Amino acid sequence: MTTKPDSESVDLEQLVAEVDTGGRHPYGLAARILTVVAVAWSLFQLWIASPLPFWLGFGVLNDTETRAIHLGFAMFLAFTAFPALKSSPRDRIPMQDWIMALLGAFCGSYLFLFYDQLATRPGQPTTMDITAGIAGFVLLLEATRRALGIPMVIVALVFVVYSFGGQHMPEVIQHRGASLTKFVNHQWLTTEGVFGIALGVSSSFVFLFVLFGTLLEKVGGGNWMMQISVALLGHLRGGPAKVAVVSSALNGVVSGSSVSNVVSGGIFTIPLMKRTGLSGIKAGAIEAASSINGQIMPPVMGAAAFLMVEYVGIPYSQVIRHALLPALFSYISLLYIVHLEAIKIGSQPIAGHPMDPRRRMIRWGLGLSGTVLVLCLLYWGVLGIKAIAGAEAGGWLMAAGGALYVLTVAFSARYPDLEMDDPNAPILHLPLAWDVARTGLDFLIPIVVLLWCLMVEMMSPGLSAFYATVSVIVIVASRKAMVAFFRKQDVMKGLRDGLTDLWDGLALGARNMIGIGVATATAGIVVGTITLTGLGLMMTEFVEYISGGDVILMLVMVAAISLILGLGIPTTANYILVSSLMAPVVVSLASQAGMSVPLIAVHMFVFYFGIMADITPPVGLAGFAAAAISREDPIKTSFQGALYSLRTAILPFVFIFNPSMLLIDVHSWWETAWQCLTALIAILLFAAASMNWFVTRNRIWETVALLVICFSLFRPDWWLNQFSDPYESRPPSEFMQLLAEAPTGTQFRFTVGGYDLMGDEVSRTVNLRTIDGSAEDRLADNGVTLTALGDGLMIGPVRFGSYAARMGLEPGLDVTGVLVRAPQPSALWPTGLALVLLAGVALNQWRRKGRAAAACV
């Protein structure tokens, strides 16, 4: 393997720059200013995320101030890093861009610069306030056009037009319209619009996660993960394509962009896939589909995971718990699709090191058991230090982490550095996984720090990202010097190179955030319009009118609208748009149809379809990026990628009708294991049906049978519900008793009816989450109170923004019943019959395959 990339292919670095970091690279003073501002932004974000302001007693800023400064940086860099037009100069910054950058920074930071004055006159904007708001609004849209393209701007302008022209809209979405002063005040001078939750999440922790991923890539972690994937999977049939899938999953842990995920992995995997027999279109489609799935992979999920914490109102650890299984199943099914494609074309594995199968099994067993042992020692070691050291545990853990880092670098320095693979060079043999892993064991330390802080210590995402980023900063700055020391080379040169990499990484991390910063601000325009005009309620009525109240048709409409809203829009802004506009629609209409859908399932539904827009023609950015590498038609690549992604598209429908896929109402390890097994078989069978290949090529009836089996494994309850009701209603008088008895972590379902706040008669099925505590504690956690009316109950005050409010509970509605599980036959019956049918289909295909093989002899 060699180190030279394909110089005859498309300029991929420029492609990534145009999409993520800005295509402008000036020289001289302009370059220094651009870099210094970018580094200053990174240092500012590290400062506000750290405990230092509180320890030192200065530099403490509230959320509104940090959001304003965050947007000021983003707008300045958007105008200086992104050219206005394709014909604009890339090697210098024109004067008009400097002027717009300074104006954008001023308008973006306006709430910080004049915070005290604005606080003394809320709702009474001055002429200067309005002028700054209008100018900022126009500059924000131009910054968005430069950084993200025209689709996001069009979406924002549609909502702006709707805000002003509401009285001219069709009756179903009509409102009285907003004045200019009211619009600017709402969107720019409060935290309801541009400076709302979305920009706050970007400022609080999205930036640090992007910076974390950028620095980890800078120090070589990305290449290390790629080559680990090659070593582990290259010897399998269709190995390069499977490498693309797994490496995209690993990149998805820290990546916030499907396009950069495509390019960073695709530059190696797509040519390799083509060399093993796959067409350029299919190779690009596999890379695009796997990179899209990187955006649904915890713990980052393209930064949407942190937004879900705010929008759904559940802890981060629960978001990860609910999102993990679907993401894993989606990736495993894509691996299966790749395997089927390799079988179709007769692809052969890449030769690995010749090894006796028994020895190979021993190596795998030792590797797996060693990994488990190290993880156990790490877990119990940290807990032991905390138990022994008490309040001084932080210092001891830092010392232990530093010692571990030194030891891993000393060990890695004994072996040559990994080279960047050239996918066009002949592959004579595959490296052993351990030979690759041992060159970069220290790259795991920041990832372990991140996951430990998030999942074990239960720290906030912002603080977890801060500690993880600090750890990777230490590695970037010191690794080359330490390697040089252990190899008895020039330590000072290694230190200079490390500090240069750190400086460049801080600048690159900030440039990677430009698009996300302006995207979340522009998405705030949509959110602000919804709160200003009441569009959310009107959209519910519109979808209900078109769908006629049919749940399936409603979900298909919501999926289609989410796809349209997500076209050409990055992951973070994508989720903000679809969750703000479409999630309340699903909650409301499902409850009116008698379905009690958990809120996280609804948000996952719209999020998945918003993400699918990145591979949906004609604006599938990931498909276009993959086509640029494979040098194939982008539309055909996107269509093929959309076909591969059908298995991802069916999962959100499963969430809605079978929330146990998200580990909701799953109470034991046995239930978890059974749910995992049946869901995995189901998604693999759907992949086989969509590829028209199982053991051998499917006949039509076999494809239909596979789909029926898939449905039965995903929804065994559907067959049971045809013969008996799944729930029985208990009187409202038993509400508090049943709520207290409900197992912790389950969904407590009940029905309400009466007249809503608009005076319309409604009947809804809703659910509450159940924490560990009494019935009163659980009501308080959901943000709702109950008022006794004789033998009945009425909904009392509902806390704004609470889980109950998001589920559609309103004061004055009567509790009409409590839903408890009714006795039903075991779900093993339909599942067992489905598995018997599966055995029949498989046996029939094996026999047909055997006859075909015998005929060829």
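Every residue, even glycine, has its Cβ placed from backbone N, Cα and C.
Beyond the transmembrane segment (29-48), the same-chain residues lying 6 or more positions past its ends with a Cβ under 8 Å from any Cβ of the stretch are 59, 61, 66, 69-70, 73-74, 76-77, 80-81, 92-93, 203, 207-208, 211, 466, 469-470, 503, 506-511, 513. What TrEMBL lists as transmembrane segment is 29-48 (among others).
Among the features that TrEMBL reports, transmembrane segment is placed at 68-85 (among others).
Annotated transmembrane segment per TrEMBL: 97-115 (among others), in sequence order.
Per TrEMBL, domain 'TRAP C4-dicarboxylate transport system permease DctM subunit' is recorded for 137-407. Note on the domain 'TRAP C4-dicarboxylate transport system permease DctM subunit' (137-407): its mean pLDDT in the predicted model is 82.
As annotated by TrEMBL, transmembrane segment applies to 148-165 (among others).
Residues annotated as transmembrane segment in TrEMBL: 194-216 (among others).
The list of residues near the transmembrane segment (320-340) in space but at least 6 beyond its ends in sequence, with Cβ under 8 angstroms from a Cβ of it, reads 236-238, 241-242, 244-246, 249, 286, 289-290, 293, 296-299, 301, 305, 454-455, 600-601, 604, 644, 647-648, 651, 655, 661-664, 675-676, 679-680, 683-684, 686-688, 690-691, 693. Taken from TrEMBL, the feature transmembrane segment covers 320-340 (among others).
A Cβ distance under 8 Å defines the sequence-distant neighbours of the transmembrane segment (361-382), meaning residues of its chain 6+ beyond its ends; these are 355, 397, 400, 433-434, 448, 452, 456. Per TrEMBL, transmembrane segment is recorded for 361-382 (among others).
The feature transmembrane segment is assigned by TrEMBL to 465-486 (among others). Below 8 angstroms of C-beta separation, residues 46, 49-50, 205, 208-209, 211-212, 215-216, 218-219, 401, 405-406, 409-410, 412-414, 417, 442-443, 445-447, 449-450, 453, 459, 492-495, 497-499, 501-502, 505 of the same chain, each at least six residues beyond the ends of the transmembrane segment (465-486), sit close to that stretch.
According to TrEMBL, the transmembrane segment annotation covers 516-539 (among others). Non-local neighbours of the transmembrane segment (516-539) in the same chain are 70-71, 73-75, 78, 108, 140-141, 143-144, 147-148, 152-153, 155-156, 159-160, 162-163, 166, 172-175, 178, 182-183, 186-187, 192-199, 201-202, 206-207, 210, 256, 303, 569-570, 572-573, 576-577, 580-582, 584-585, 758; each lies 6+ residues outside the stretch with a CB under 8 Å from one of its CB atoms.
Summarising the annotation, TrEMBL assigns transmembrane segment to 607-629 (among others).
Marked as transmembrane segment by TrEMBL: 641-660 (among others). Remote same-chain residues near the transmembrane segment (641-660) are listed as 284-286, 288-289, 292-293, 296, 326, 329-330, 333-334, 337, 555, 559, 586, 590, 595, 597-598, 601-602, 604-606, 608-609, 612, 615-617, 620, 622-623, 626, 666, 671, 675, 679, 683, 686-687, 690, 714-715, 717-718, 747 (criterion: CB distance under 8 Å, separation of at least six residues from the stretch ends).
Feature annotation from TrEMBL assigns transmembrane segment to 672-693 (among others). Sequence-distant neighbours of the transmembrane segment (672-693) (same chain, 6+ residues past either end, Cβ-Cβ under 8 Å): 325, 329-330, 332-334, 336-337, 340-341, 343-344, 643, 646-647, 650-651, 654, 660-661, 663, 666, 703, 706-707, 709-711, 713-714, 716, 831, 835, 838.
Within its own chain, the transmembrane segment (194-216) is flanked in space by residues 42, 45-46, 48-49, 63-64, 66-68, 70-71, 111, 136-137, 140, 187-188, 222, 254-256, 300, 303, 306-307, 310-311, 443, 446-447, 450, 460-462, 465-466, 468-469, 472-473, 476, 502, 505-506, 508-510, 512-513, 516-517, 520-525, 527-528, 572-573, 576, which lie at least six positions past its ends and keep a Cβ under 8 Å from the stretch. Within the chain, the transmembrane segment (97-115) has long-range Cβ neighbours (under 8 A, six or more residues past its boundaries) at 61, 64-65, 67-69, 71-80, 84, 129, 132-133, 135-136, 139-140, 142-143, 188-189, 195, 521.
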